[in-house]
Amino acid sequence: MLLSLVKFGILSVFLLAQEAVAIQLWNNTDGFSDDVPAAGRSALTFDVKCANYLVTARDVANGAALVGNLESHYCTEECHDSIDNFQRSSHLAYGTKAYALFKNSTARVVPGDIVNGLMWAYELSCIKDSTGYCLAGIYNHTKTACSECTLKYGAVMASSGYGRKQFPPNVFSSLLSSCNVPASSYTYVYTSSNPTTTPESSGVPSSATATPTSTCTGKTYIAKEDDTCKSISEAQSISTDRLVEVNHLDYSCSSLTSGTALCIEKNCTVYTVQAN
């Protein structure tokens with residue numbers, strides 16, 4: 001499957017009916033440094049009206065997917081519009097200027113990037129096809145590489161700096177080509193954001209955990225129709241064991257399909273043991 005690059009964990013908490021509540025990333029501005037303009041601080045304590053949690057860019061990058069009725073409670077027009085308003089007010093207050101946002105920290109961040117991450121995480125979490133929400137199915141390998149869900153996922157990943165490291169635009173283009181789907185069917189607008197600015201905690205139900213994502217440090221290869229683990233290993237100079245381990249394939253390689261995005265790293269000289 002396409003996401004054999006990464007091992008994901010699925011949020012599997014089921015909540016009873018919830019009303020949208022106001023959530024703030026920061027309850028007050030006491031922790032902000034003096035570098036942050038007083039006039040714009042209120043923008044960062046914006047009341048976001050979603051369920052009783054926010055899904056951050058870090059959550060989805062670490063493999064979090066909403067399941068059960070969490071999806072329908074979070075993926076609402078009210079939540080989307082509230083995050084959108086938060087995004088607009090933050091951009092209006094701070095633009096693209098970076099600040100030393102927190103006391104006792106010299107790291108300079110663009111406040112708007114944090115909110116961009118919330119909108120990107122919303123769009124990723126709320127991808128749907130005719131059968132329902134997609135993200136959990138993509139993560140647990142029940143959606144095929146050329147499915148509507150996976151192609152929508154690719155477009156959202158390529159649309160932001162938060163997703164491009166795991167799913168670069170050239171990989172998405174190769175996937176569309178291998179699926180014989182025109183790029184015009186899955187267009188996206190790129191929003192440049194610095195992934196280091198995403199909040200570490202979002203308030204997503206704490207009893208659900210996500211498996212940390214392992215990032216590919218090499219290159220990405222798109223499997224072709226006649227590829228096997230052996231042929232890829234030889235052509236890309238990676239041991240078969242390493243190929244299987246990094247991409248979470250089964251050792252018989254039966255899960256390898258055309259269009260699968262594979263991480264190729266720690267190259268070596270491959271030698272196939274001959275008889276005698």
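Just so you know, the numbers here start at 1 and follow the chain as drawn.
Cβ from N, Cα, C; glycine included.
Annotation comment: Swiss-Prot describes 219-264 as domain 'LysM', evidence class sequence analysis. Residues or ranges marked as N-linked glycosylation site by Swiss-Prot: N27, N104, N140, N267. Marked as signal peptide by Swiss-Prot on the basis of sequence analysis: 1-22.
Residue counts for the domain 'LysM' (219-264) under DSSP, split into helix (H, G, I), strand (E, B) and coil, are 16 helix, 8 strand, 22 coil. Here the glycosylation sites are N104, N140, N267, and the one whose Cβ sees the fewest other Cβ atoms within 10 Å is N104.
Mean model confidence for the domain 'LysM' (219-264) is a pLDDT of 79.
For the pair N140 (N-linked glycosylation site) and N104 (N-linked glycosylation site), the C-alpha distance works out to 41 angstrom. Annotation note: N140 (N-linked glycosylation site) sits in a coil segment as assigned by DSSP. Here the Cα atom of N104 (N-linked glycosylation site) is found 42 Å from that of N267 (N-linked glycosylation site).
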